[in-house]
Amino acid sequence: MLNINQVNINLGRKPLLKNISLDIRSGEVTALLGPNGAGKSSLLKALCQSLKTESGEISFYQQPLGQWPKAELARCLAVLPQSSSLSFGFTVEEVVALGLYPLTISQQAGKALVASQLARLDLSPLANQAYPSLSGGEKQRVHLARVLTQLAQAPRAPLLLLDEPTSALDLAQQHKVLTLARELAHSQGYGVIVVLHDLNQAARYADNIVVINNGEIVKQGSPQQVLTKDTLSQVWHYDAQFIHTQDSAMPLIV
(Lines of atoms letter the chains of each structure in order from A and count residues from 1; the text may use other names and numbers.)
(Lines give C-alpha, C1' and ligand atoms only; values in the text may rest on other atoms or scores of the structure.)
Protein backbone atom coordinates (compact mmCIF):
# COMPACT_ATOMS: atom_id res chain seq x y z
CA MET A 1 0.00 0.00 0.00
CA LEU A 2 2.53 2.62 1.18
CA ASN A 3 6.28 2.44 0.72
CA ILE A 4 8.66 4.92 2.35
CA ASN A 5 12.18 4.53 1.01
CA GLN A 6 15.20 6.30 2.52
CA VAL A 7 13.33 9.53 3.24
CA ASN A 8 15.19 12.49 4.74
CA ILE A 9 13.54 15.73 5.88
CA ASN A 10 15.22 18.86 7.23
CA LEU A 11 13.90 21.99 8.89
CA GLY A 12 16.49 24.52 7.80
CA ARG A 13 19.74 22.82 8.75
CA LYS A 14 18.12 20.66 11.40
CA PRO A 15 17.38 17.05 10.40
CA LEU A 16 13.82 16.05 11.31
CA LEU A 17 13.79 12.57 9.75
CA LYS A 18 16.83 10.54 8.76
CA ASN A 19 16.83 7.60 6.34
CA ILE A 20 13.27 6.51 7.08
CA SER A 21 12.27 3.29 5.33
CA LEU A 22 8.93 1.68 6.10
CA ASP A 23 6.23 -0.42 4.44
CA ILE A 24 2.59 0.00 5.46
CA ARG A 25 0.20 -2.79 4.47
CA SER A 26 -3.55 -2.63 4.07
CA GLY A 27 -5.48 -4.47 6.75
CA GLU A 28 -3.05 -3.56 9.52
CA VAL A 29 -2.67 -0.96 12.27
CA THR A 30 0.82 0.48 12.66
CA ALA A 31 1.55 2.47 15.81
CA LEU A 32 4.27 5.13 15.84
CA LEU A 33 5.90 5.46 19.25
CA GLY A 34 8.71 7.62 20.55
CA PRO A 35 9.57 10.45 22.92
CA ASN A 36 8.25 13.97 22.38
CA GLY A 37 9.97 15.58 19.39
CA ALA A 38 11.17 12.25 18.02
CA GLY A 39 9.71 12.84 14.54
CA LYS A 40 6.40 10.96 14.64
CA SER A 41 4.19 13.88 13.64
CA SER A 42 6.79 15.01 11.09
CA LEU A 43 6.44 11.66 9.36
CA LEU A 44 2.66 12.08 9.13
CA LYS A 45 3.14 15.60 7.74
CA ALA A 46 5.44 14.18 5.07
CA LEU A 47 2.75 11.68 4.11
CA CYS A 48 0.30 14.59 3.76
CA GLN A 49 2.90 16.48 1.71
CA SER A 50 2.93 19.40 4.14
CA LEU A 51 6.64 18.71 4.74
CA LYS A 52 8.95 18.43 1.75
CA THR A 53 11.34 15.50 1.53
CA GLU A 54 15.00 16.32 0.90
CA SER A 55 15.68 12.89 -0.56
CA GLY A 56 14.10 9.47 -0.83
CA GLU A 57 10.66 8.55 -2.11
CA ILE A 58 7.18 7.93 -0.77
CA SER A 59 4.97 5.74 -2.96
CA PHE A 60 1.26 5.05 -2.50
CA TYR A 61 -0.03 2.07 -4.45
CA GLN A 62 3.28 2.01 -6.37
CA GLN A 63 2.86 5.61 -7.57
CA PRO A 64 4.98 8.47 -6.17
CA LEU A 65 2.84 10.45 -3.76
CA GLY A 66 3.51 13.73 -5.54
CA GLN A 67 2.14 12.36 -8.82
CA TRP A 68 -1.33 11.62 -7.43
CA PRO A 69 -4.11 14.02 -8.53
CA LYS A 70 -5.07 15.91 -5.37
CA ALA A 71 -8.79 15.11 -5.52
CA GLU A 72 -8.14 11.40 -6.04
CA LEU A 73 -5.54 11.29 -3.25
CA ALA A 74 -7.95 13.03 -0.86
CA ARG A 75 -10.43 10.18 -1.30
CA CYS A 76 -7.78 7.57 -0.47
CA LEU A 77 -5.59 9.21 2.19
CA ALA A 78 -6.68 11.38 5.10
CA VAL A 79 -5.23 12.60 8.38
CA LEU A 80 -6.78 13.37 11.74
CA PRO A 81 -4.40 15.98 13.20
CA GLN A 82 -3.54 16.10 16.87
CA SER A 83 -5.49 19.34 17.18
CA SER A 84 -7.38 21.58 14.82
CA SER A 85 -7.18 25.37 14.72
CA LEU A 86 -10.21 25.50 12.44
CA SER A 87 -13.19 27.39 13.82
CA PHE A 88 -16.33 26.33 12.01
CA GLY A 89 -19.51 28.37 12.30
CA PHE A 90 -21.39 25.18 11.46
CA THR A 91 -23.37 22.51 13.22
CA VAL A 92 -21.75 19.17 13.99
CA GLU A 93 -23.61 17.55 11.09
CA GLU A 94 -22.40 20.24 8.68
CA VAL A 95 -18.77 19.80 9.74
CA VAL A 96 -18.94 16.04 9.20
CA ALA A 97 -20.60 16.62 5.81
CA LEU A 98 -17.49 18.52 4.66
CA GLY A 99 -15.94 15.08 4.23
CA LEU A 100 -18.31 14.42 1.33
CA TYR A 101 -16.64 16.89 -1.03
CA PRO A 102 -15.91 16.46 -3.84
CA LEU A 103 -19.17 14.51 -3.88
CA THR A 104 -19.00 11.21 -5.77
CA ILE A 105 -22.34 9.82 -4.55
CA SER A 106 -25.93 11.08 -4.58
CA GLN A 107 -27.04 13.68 -2.04
CA GLN A 108 -29.36 11.15 -0.43
CA ALA A 109 -26.55 8.62 -0.07
CA GLY A 110 -24.29 11.36 1.26
CA LYS A 111 -26.80 12.33 3.93
CA ALA A 112 -27.13 8.68 4.99
CA LEU A 113 -23.34 8.33 5.12
CA VAL A 114 -22.99 11.37 7.39
CA ALA A 115 -25.72 10.02 9.68
CA SER A 116 -23.96 6.65 9.93
CA GLN A 117 -20.62 8.24 10.84
CA LEU A 118 -22.28 10.41 13.49
CA ALA A 119 -23.87 7.31 15.01
CA ARG A 120 -20.62 5.37 14.80
CA LEU A 121 -18.90 7.91 17.07
CA ASP A 122 -21.84 8.57 19.42
CA LEU A 123 -22.39 12.02 17.93
CA SER A 124 -26.00 11.70 16.73
CA PRO A 125 -27.42 13.59 19.75
CA LEU A 126 -25.08 16.49 18.93
CA ALA A 127 -25.85 16.64 15.19
CA ASN A 128 -27.61 20.01 15.32
CA GLN A 129 -25.40 21.52 18.00
CA ALA A 130 -23.03 24.38 17.11
CA TYR A 131 -19.50 23.06 16.60
CA PRO A 132 -17.77 25.88 18.60
CA SER A 133 -19.77 24.93 21.71
CA LEU A 134 -18.27 21.43 21.91
CA SER A 135 -15.64 20.15 24.30
CA GLY A 136 -12.17 19.27 23.03
CA GLY A 137 -12.96 15.56 23.04
CA GLU A 138 -16.22 16.06 21.18
CA LYS A 139 -14.47 18.17 18.53
CA GLN A 140 -11.86 15.42 18.12
CA ARG A 141 -14.60 12.87 17.44
CA VAL A 142 -16.35 15.24 15.02
CA HIS A 143 -13.17 15.56 12.97
CA LEU A 144 -12.69 11.79 13.00
CA ALA A 145 -16.25 11.40 11.68
CA ARG A 146 -15.45 13.95 8.96
CA VAL A 147 -12.30 12.06 7.95
CA LEU A 148 -14.12 8.71 7.88
CA THR A 149 -16.84 10.26 5.72
CA GLN A 150 -14.11 11.40 3.33
CA LEU A 151 -12.49 7.96 3.10
CA ALA A 152 -15.80 6.10 2.77
CA GLN A 153 -15.83 7.17 -0.89
CA ALA A 154 -12.38 5.69 -1.61
CA PRO A 155 -12.17 3.57 -4.79
CA ARG A 156 -9.59 1.32 -3.11
CA ALA A 157 -8.51 0.49 0.44
CA PRO A 158 -7.66 3.87 2.00
CA LEU A 159 -4.90 4.99 4.34
CA LEU A 160 -5.96 6.64 7.61
CA LEU A 161 -3.42 8.72 9.57
CA LEU A 162 -4.23 9.40 13.22
CA ASP A 163 -2.03 11.81 15.20
CA GLU A 164 -2.72 11.15 18.88
CA PRO A 165 -6.44 10.56 18.28
CA THR A 166 -7.21 9.85 21.94
CA SER A 167 -5.44 12.81 23.55
CA ALA A 168 -8.68 14.62 24.51
CA LEU A 169 -10.89 11.56 25.08
CA ASP A 170 -12.01 9.80 28.24
CA LEU A 171 -11.10 6.14 28.71
CA ALA A 172 -14.33 4.78 27.24
CA GLN A 173 -14.01 6.89 24.09
CA GLN A 174 -10.31 6.04 23.77
CA HIS A 175 -11.22 2.36 23.67
CA LYS A 176 -14.03 3.01 21.18
CA VAL A 177 -11.86 5.02 18.78
CA LEU A 178 -8.92 2.60 18.84
CA THR A 179 -11.23 -0.40 18.49
CA LEU A 180 -12.81 1.32 15.48
CA ALA A 181 -9.37 1.90 13.94
CA ARG A 182 -8.57 -1.78 14.34
CA GLU A 183 -11.93 -2.82 12.86
CA LEU A 184 -11.43 -0.53 9.85
CA ALA A 185 -8.11 -2.25 9.21
CA HIS A 186 -9.07 -5.85 9.90
CA SER A 187 -12.60 -5.81 8.43
CA GLN A 188 -12.42 -3.20 5.66
CA GLY A 189 -8.78 -3.37 4.60
CA TYR A 190 -7.79 0.13 5.69
CA GLY A 191 -4.15 0.88 6.32
CA VAL A 192 -3.95 2.75 9.63
CA ILE A 193 -1.00 4.67 11.05
CA VAL A 194 -1.57 5.98 14.57
CA VAL A 195 0.71 8.10 16.75
CA LEU A 196 0.40 7.06 20.39
CA HIS A 197 2.16 7.75 23.67
CA ASP A 198 0.46 5.02 25.69
CA LEU A 199 2.58 1.87 25.33
CA ASN A 200 -0.20 -0.39 26.58
CA GLN A 201 -2.63 0.98 23.99
CA ALA A 202 -0.05 0.31 21.27
CA ALA A 203 0.40 -3.25 22.54
CA ARG A 204 -3.34 -3.86 22.64
CA TYR A 205 -4.53 -2.29 19.38
CA ALA A 206 -1.60 -2.30 16.93
CA ASP A 207 -0.43 -5.09 14.65
CA ASN A 208 2.96 -3.45 14.14
CA ILE A 209 4.94 -0.90 16.13
CA VAL A 210 7.57 1.51 14.82
CA VAL A 211 9.73 3.32 17.38
CA ILE A 212 11.21 6.64 16.26
CA ASN A 213 13.88 8.47 18.25
CA ASN A 214 15.87 11.52 17.19
CA GLY A 215 14.36 11.31 13.71
CA GLU A 216 15.38 7.70 13.09
CA ILE A 217 13.59 4.37 13.23
CA VAL A 218 15.30 2.47 16.01
CA LYS A 219 13.05 -0.58 16.12
CA GLN A 220 10.03 -2.01 14.31
CA GLY A 221 8.07 -5.24 14.45
CA SER A 222 5.22 -6.83 16.37
CA PRO A 223 4.34 -5.54 19.86
CA GLN A 224 6.03 -8.61 21.34
CA GLN A 225 9.23 -7.88 19.40
CA VAL A 226 9.35 -4.15 20.06
CA LEU A 227 8.02 -3.51 23.55
CA THR A 228 10.87 -5.07 25.47
CA LYS A 229 12.61 -3.96 28.63
CA ASP A 230 15.74 -3.09 26.64
CA THR A 231 13.86 -0.90 24.13
CA LEU A 232 12.01 0.99 26.85
CA SER A 233 15.25 1.57 28.70
CA GLN A 234 17.20 2.71 25.63
CA VAL A 235 14.55 4.99 24.12
CA TRP A 236 12.56 6.29 27.09
CA HIS A 237 15.17 5.69 29.83
CA TYR A 238 12.40 3.89 31.64
CA ASP A 239 12.86 0.93 33.96
CA ALA A 240 9.61 -0.78 33.05
CA GLN A 241 7.94 -3.61 34.89
CA PHE A 242 5.86 -6.20 33.03
CA ILE A 243 2.78 -7.73 34.64
CA HIS A 244 1.40 -10.81 32.90
CA THR A 245 -2.37 -11.31 32.84
CA GLN A 246 -4.48 -14.25 31.70
CA ASP A 247 -6.65 -12.26 29.26
CA SER A 248 -3.88 -10.69 27.19
CA ALA A 249 -1.03 -11.99 25.04
CA MET A 250 0.99 -8.91 26.00
CA PRO A 251 1.96 -8.12 29.59
CA LEU A 252 0.86 -4.84 31.16
CA ILE A 253 3.68 -2.28 31.14
CA VAL A 254 3.95 -0.26 34.35
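Every residue, even glycine, has its Cβ placed from backbone N, Cα and C.
Copied over from Swiss-Prot, here are the features:
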BINDING   Gly34, Pro35, Asn36, Gly37, Ala38, Gly39, Lys40, Ser41  ATP binding site
DOMAIN    2-239  domain 'ABC transporter'
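Averaged across the domain 'ABC transporter' (2-239), the predicted model reaches a pLDDT of 94. Summarising the environment of Gly37 (ATP binding site), the number of other Cβ atoms within 10 Å of its Cβ, over all protein chains shown, is 12.
The residues near the ATP site, meaning same-chain residues not in Gly34, Pro35, Asn36, Gly37, Ala38, Gly39, Lys40, Ser41 whose C-beta sits within 8 angstroms of the mean position of the site's C-beta atoms, are Ser42, Ile212, Asn213, in sequence order. Long-range Cβ neighbours of Gly39 (ATP binding site) (same chain, at least 6 residues apart, Cβ-Cβ under 8 Å): Leu16, Leu17, Ile212, Asn214, Gly215, Glu216. The binding-site residues listed here are Gly34, Pro35; among them, Gly34 has the most other Cβ atoms within 10 Å of its own Cβ.
If you draw a 10 Å sphere around the CB of Ala38 (ATP binding site), it holds 22 other CB atoms from the protein chains shown. Least packed by the Cβ count within 10 Å, out of the binding-site residues Asn36, Ser41, is Asn36.
Annotation note: Gly34 (ATP binding site) sits in a coil segment as assigned by DSSP. Within 10 Å of the C-beta of Lys40 (ATP binding site) there are 27 other C-beta atoms, taking all protein chains into account. According to DSSP, Ser41 (ATP binding site) sits within a helical segment.
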